[in-house]
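Let me begin by presenting the structure, written as structure tokens, before commenting on it.
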């Protein structure tokens, strides 16, 4: 077998029939033959199939099979890869007419098969007739820059390590490390005679290095399996293929697994078992200024709203006087007045107050008293003569507190009468307003563009203005889209270098000369095209502040610069202009001299660079720093094995141990040699530790060497414990926000009293600080007094769209100790983030407008449906509600929609009756009957935090049942009461006697209402109940299937919910069977049409919800199946279109086609296709989809318009006919 395992070569196997070498191909009876036809050599077997097994493949993401085959007359062939049939693509076809045997026509094909594949083994089988194999090559490639070439689990992309492989050879071994099983296997010739382990129960346990997550992979066939592992379990459905199980946040170093068939009595089959673990990424960081909006270095350029910089620009302080309490402020009353309860954002006492608390007066001066929070006059203080200043304070006190005594009022009047009238309190050289308080005039200044002011400060400005920082004037609002006064532009944002910044014109960052928002020259290396600056690779100019590392003016490789990136030395993945390596390839590490050397201790031997690998860096154990080394006290060794010891030591079991002669005299015949050995609880000079045993996995190994990630104290025997480490874990991404968790493996506390959160320095090392913002949320903080399991969350916001993956890094300016009083190592770590998904403000505005249009249409359609219900058109009413529910479920398709679609889908949240139930407090009543319970849902439903509990979700249906029951009781008594007391002969006689026309009309209307009420009894028939079921089927199907796929609980509540589920599905099946049975009977055309249409619609709703909920694991399958469902639904209706009115058929197609277009085009958002289009292109497609969905909502409106037009036309035609008939009668009379 020609396996070509070269590091940079993708072809791993080649076969050519002209070599006459079977090359490990096998068949069922081992009948092979080489032949030729027309000079074309080929290989075949009379068994009509050949197969082969490829083992120990390098990590890869794709495989490709290229082959040349010859097909004779009536021949065929089929390729099976990993026991699954695969279709191939014909690259080239040639036809020949040589006589070979009985055939004279031969076709020679060049075929290719490419598919996703990441197993380390591959089986290939070719089944054929009249076929020959000419050439075949097998290639692997990796399209993902991740450890082990993972194409998912991107949060741990560069940190995965393979720990162990089992059952990965052709034959199953008798035993395997960590496994407990009986050697029973089945051998299959169609996979290269590979063996599968056959079992009823197998167990596995392993001790893992320090890790975060675990990934299990294996290949299984046939029956379903049940996997029980620490803290959780998984059920694998029956079938063929690879299984991936991700176990997140596994806390223990010991991992245990139990696998057995899911169905009792069946047998399981597996092979190619692999277990991976994720390591912490290696990481660097900056000081973050709290409440800073734009930070450059250690200075804050702009603080958040409500905060202001200090003189050094290194801190943000809350604005005192803005009416918002922030930071260290005790209060903020939106002014800077003293003695009003709050002064300089600290509590103060008001005027006339002797004792106060939190700015509220508890006791006033002797002439005032507080009773029930009101100011009352005391009768024993009459006669005080206030000064003018006191009168001014009294007026202020009256305006602010509403507390003004009768005494002050009388004194003010006397003061006015004895002095000049009127007299202002003060005047200023600015616009004034005159006010009259108790006929006492005073003037105050006015503020331009201010609506409400007080004490020379504006509290509220006019539209498009806002108060200044000290509130003494109104200034234009920037970023509101309105250009006024000194504003030159306003682009609804405060982003630099986008053409408009702080309402003044600006150009892009790379522009050197900007005039009126037009760029006329660019910085070095950038070319000016249409007043924009562009970087062009290959122009020989190095663009400053770009992604170009170099530019040699050509596209030639191996000249030091290729594609504007430096070309590096061997084993280097990324380097700088001086050929200093920055990042090495896998299994290599960077030295201090910026060179790449193999990672010693990773268990992988790099040929010609390493001699050995023992997974540690312990001296004198035979292998040190990946080169053979003699053991301690050994004078001669070969490849790490000691041959001769130094003087005073003897070679005992391949180790040099000190020999002590027992001279106690107890043994007269011979001397006894005592040997110091590991595990005797005494740490000797050549031991790193000794814990009194020879167990591995407890910190001190069986050779008394420290194990990785462990520390031991100096007690005898030594006590060992795991080292405390921290890790970064990627949590999730929500558009431009990405969240990262910082965790510690043990409880920690801070050494100093400094704020640990402020000592964390996060940064994105491959972005400028103006391109991102990082917020730190201490979920569980670090304290200096006690130990905590610290947990921090980083909220990372990227401001612009880019193609690279941001490299997040943190470092610390503080020290921690763990609960073993050991210093915690805090090295810098790095973590690759996902590519940002950023939508600009203009696109957000357009999406919000589309959402508003959707809201208007949904509310309008809701109002129309209510009117139709009042005008006794229930079917058209339900048709509108069906459409609204139909589109509202599209947001649950498990794909990653762009942000504009997510904004639009918010309009569908109003399609619910929950607000009505809450308003009438029906929900509170039902909650008292049904206790609260939350069942977490799966897939996309989990993103919307949808509760899967069935009993809580069907509250509206429970209320309907309760209301129908009350209505039934009402209808039992209502006819008796009305016929005995209201609509009697006596009543009719009385009305006729009165001879009042209005009274006659009123009684007629009341009687019509009475008859309509009696018609409600039709609800309690089989047809009535079926119509109620049709009206609720969307909601019921959704809630039933959501519960069935999400529920993991047991008990009476769960059993009751399952009973309701089976009841709903049983009723659905009965209705469908009754309708299809009725189609075979002699029914009226109208009834037949109704049954056909309702049956097809009900079945379509059932399948739609079934696909939406059950297929949450694959967005591609959801989109394809939903598209085919809509297409099939339209096709079935077209088959029976003779039984459907034309206008109804048009309305259905109008609503179905937009949804079909939406689900089909949504394939571009699936993970397999999302890389084809950029995020901005996905945004544009999203807007097209929004317009199509809005177009679909117009269907009922158009349908009603056509119906209204026909009714009006019919009305005028009838009126015209009556007029002609009247004229005709007059002519006859004449």
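A Cβ is built for glycine as well, from the same backbone N, Cα and C atoms used for every other residue.
According to TrEMBL, the feature transmembrane segment maps to 853-871 (among others).
Tertiary neighbourhood of the transmembrane segment (950-971): same-chain residues 913-914, 917, 922-923, 926, 930, 932-933, 1013-1014, 1016-1017, 1019-1020, 1028, 1032, 1035-1036, 1039-1040, 1042-1043, 1053, 1056-1057, 1060-1061, selected by CB-CB distance under 8 Å and a gap of 6+ residues from either end. According to TrEMBL, the transmembrane segment annotation covers 950-971 (among others).
Below 8 angstroms of C-beta separation, residues 874, 878, 881-882, 885-886, 889, 935, 937-938, 941, 946, 948-950, 953-954, 956-957, 960, 964, 1019, 1057-1058, 1060-1061, 1064-1065, 1067-1068, 1071, 1094, 1098, 1101-1102, 1105-1106, 1108-1110, 1112 of the same chain, each at least six residues beyond the ends of the transmembrane segment (1025-1045), sit close to that stretch. Summarising the annotation, TrEMBL assigns transmembrane segment to 1025-1045 (among others).
Residues annotated as transmembrane segment in TrEMBL: 1057-1076 (among others).
For the transmembrane segment (1115-1136), the list of distant contacts is 893-895, 1089, 1092-1093, 1096-1097, 1100, 1103-1104, 1107-1108, 1145, 1148-1149, 1152-1153, 1155-1156, 1159-1160, 1162-1163, 1165-1168: same-chain residues at least six beyond its ends, Cβ to Cβ under 8 Å. Annotation comment: TrEMBL describes 1115-1136 (among others) as transmembrane segment.
Annotation source TrEMBL lists transmembrane segment at 1148-1167 (among others).
Away from its own ends, the transmembrane segment (1179-1202) comes close to residues 839, 843, 846-847, 850, 853-854, 857-858, 860-861, 864, 876, 879-880, 883-884, 887, 890, 897-901, 904, 1143-1144, 1146-1147, 1150-1151, 1153-1155, 1157-1158, 1161-1162, 1164, 1173 of its chain (Cβ-Cβ under 8 Å, at least six residues beyond either end). Annotated transmembrane segment per TrEMBL: 1179-1202 (among others), in sequence order.
Beyond the ends of the transmembrane segment (1148-1167), by six or more residues, the same chain brings 883, 886-887, 890, 893, 895-898, 1115-1116, 1118-1120, 1122-1123, 1126-1127, 1129-1130, 1133, 1173, 1178, 1181, 1184-1185, 1188-1189, 1191-1192, 1194-1196, 1198-1199 to within a C-beta distance below 8 angstroms of the stretch.
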